Amino acid sequence: MHVLAVEEAAGHRVSTLSSSNRDTPWRRPSFIAASSHSMTDKLPPQLLQLFAPRPALRYLPPCDHAPEDRRTPKISGVAQYVQAAKEYDDGYVPTESWLQKKDRQKMERDEAAQYRITEGYKNEFKPHEDPNVVGDPLKTLFVSRLSYNTEVKDLEREFGRYGPIERIRLVEDTTTPTPKKKHRGYAFIVFERDSDMKAAYKDADGIRIKDRRILVDVERGRTVKEWRPRRYGGGLGGRSGGNREPIGGGERGGGGYRDRDRERDNDRKRPYDGNGGYDESRKQRRY
């Protein structure tokens, strides 16, 4: 629109679009394009301001040295320092990372567990010489999978209905300096009569004490030859009764998870011969 106004002011005839050529784009005539550069001095001041050039950029010195003024430091040889670098801190011992420490502790635990299974139980597991193990083994009932909140009075209340109790021993953790739990989750109950222990052996298996289902068995450490607890590769399994194998496998030491119930059934059907079996038939467990 500015160009049309300028050309009309200069006396040139401006062609308009007809109604028939409305869809055709408008083109500037050739004579207007040729004479537009020579007519800028005839524009009014308000239009000349639109075409005024911008001011020149402010000069700033370069942030780096000029190529002709650049100087790099002189490079000298390092042969005199090679021997000193080789002899630097020969006695340095690298620090053990947390991952290496974790792997080392796991390896030590595995080696200690393997030693207990193969050789350690011969020197460590001696129930006949343990001063804490007292009472007749044929009248002793083993109770496992106890809640860590269970106390002696709870066991006395549950098992006292089967007959007089001579002694109750909740096995405590004596190896840890400051144990977090009061006991290790199992106990030994010595009855005054053998018949009372048999009744508790048949009826108390599977009852709940402190919202946890317990497991009972005869004392096998002093009655079964070559018997070993779970920490030495034997035992009757862990707390949950899942598919986990005891340390050292399920066949070593007389009992894994899969043959536990079958072994208990066979023991209870055999005549009592000091190995934990009885001649009375097994009653149904009450769950």
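Just so it is clear, glycine is given a Cβ too, placed from its N, Cα and C backbone atoms.
Summarising the annotation, TrEMBL assigns domain 'RRM' to 139-221. Summarising the annotation, TrEMBL assigns region 'Disordered' to 228-287. The compositional bias 'Gly residues' annotation in TrEMBL covers 232-256. Per TrEMBL, the feature compositional bias 'Basic and acidic residues' maps to 257-272.
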Using DSSP, what is the helix/strand/coil residue split across the domain 'RRM' (139-221)?
22 helix, 22 strand, 39 coil
Take the domain 'RRM' (139-221) and average the pLDDT across it for me.
91
